[in-house]
Amino acid sequence: MADSTPLLLSRSDSSNESKQPPSLDETIEHCIGEFGLGQLLQAILVSFAWVFDAQQTFISVFTDAQPTWHYTSTHSCTSVSDICQIPQNSWAWDRPNDTSIISEWGLQCATSIIKGLPASSFFMGCLIGGLILATLADSFLGRKNLLFLSCIMMSLSGLLTVFANNIWIYSALKFVNGFGRATIGTCALVLSTELVGKRWRGQVGVIGFFCFTLGFLTLPAFAYINRGSSWRNLYLWTSIPTIFYCILVHFLVRESPRWLFVRGRKQEAVSILKSIATAKSSGVLMSFSNLEFGQESWNVDTYSAIKILLKKKWACRRLVTVMAVAFGIGLVYYGMPLGLGNLSFNLYLSVTFNALSELPSSLVTFFLVDKLNRKDSLLVFTALSGVCSIFSVVMGETSANLQMGLELVSFFSACTAFNVSLIYTLELFPTCVRNSAISMARQSLVFGGMFSPLLVAAGSKNGFMSYGIFGLVIGLCGLFVICLPETRGKTLCDTMDEEEYKERSTCIGATRI
């Protein structure tokens, strides 16, 4: 009679376990080391996509801004502050009409829905684009090809935006722009971290966060240089460099060996590992052609990765939980920069301060990612962001400086929670569905951001409708992280069976204790 003992349970036996071949993690580290020059160059080049991602995400802060205006000499009543309540020939814009879409297309008296339509269209494009493109990186397209496709789509749509002549065409192009950039951050993060050992994947992931900060910082600089010029120049300055970057991605970026292995493309993966190992050190050589692994290839068709995640109860539970946490983070992360126009600070300075707050956030993540538990970190930063966001509304009437300070602390906390949540998510799921899982988490972030323009518009009259709701939502959503397992220092799995076995082993160990 054949042995009916389940394969996963039989692996718990110590004698059998000692005969298990090395994991993909162990094999990659043995071939090329945990972290080397080849991996560093690959990570930097891939992560640079975040620069252009940040610029397109927040560019509407300047291009769609409400311009300042002044009374002309023909009007004597200066007590009216609403531009729509005075004759059109009694006021004029401080700068040329084409410095903003509001002044160029005469949208100063339009409803908040019309004014916020381009930004909402962008986030709607991000949401739909992420849902459609989410699993392509895990299925036939791969990490590198999807990164190239997303970048070229984002850059070309941004370039075409220059020719928009009304709010409707502009909003449609913003939708395409958001659709294209939806998976850039996900592909860049996964592609850069799947090539290094577990000790360095947190630090490598933070490289992308630094690049995002760089893109965020360069945006107000570009906007200030072009402050008296057409808003179209800002799209030119950010779209044309992205096209050149796409060329570099196509010719210089390597595909993830992990993804190639689980797709059954062993020879391609071995070739990439060998080239990196040779570039790193000629002494790290082995018989690549005889590599064997303890897991089988995991081929998935388009969108089947999502089905796999939903089919497994533990995977579905993790996915729903990280998406709930991400929704609260996204509402604050995307909403606060959009709401800076409601503050009394100079717009260029306030955006610069918010961009600069991402730098210490990335530094905190970089230096402490190996020391901080994922769950505890998310709980602390989401709670801190929520409290400071609510207090910024309460204290705003007392001091504008204090309000700005609280806003910066809240945004810094949300940025750090954003960084930790992405690293946490990639550690929670195996290679075969990792890109899809992170994509779904990012879609939840974007879904939160989609509501932010509406809350920002309502917050122009009642501050609690924006910053107050931001704080409540992120604080409550952060509590969901309690349901997740801790992953700090754990080995990345490559298949669902391997991840499930690890979870069962953890549960058995906890029960014995």
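If you go along the chain as it appears here, the first residue is 1 and each next one adds 1.
Here the Cβ of each residue, glycine as well, is placed from N, Cα and C on the backbone.
The structure displayed is predicted, hence computed values, not measured ones.
Under the heading region 'Disordered', TrEMBL lists 1-24. According to TrEMBL, the feature compositional bias 'Polar residues' maps to 11-21. TrEMBL lists 39-489 with the feature domain 'Major facilitator superfamily (MFS) profile'. Look at TrEMBL and you will find 116-134, 146-169, 175-192, 204-222, 234-253, 319-336, 378-396, 408-429, 464-484 tagged as transmembrane segment.
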Near the transmembrane segment (234-253), which residues from the same chain, at least 6 beyond its ends, have a CB less than 8 A from one of its CBs?
42, 45-46, 48-49, 52, 55-56, 59, 62-63, 144, 147-148, 151-152, 154-156, 158-159, 161-162, 191, 219, 222-223, 226
At least three Cβ pairs under 8 Å linking the transmembrane segment (319-336) and the transmembrane segment (464-484), pairs spaced 6 or more in sequence?
yes
Top stretch among 204-222, 378-396, 408-429, 464-484 for CB pairs under 8 A with the transmembrane segment (175-192)?
204-222
Within the domain 'Major facilitator superfamily (MFS) profile' (39-489), what mean pLDDT does the predicted structure show?
83
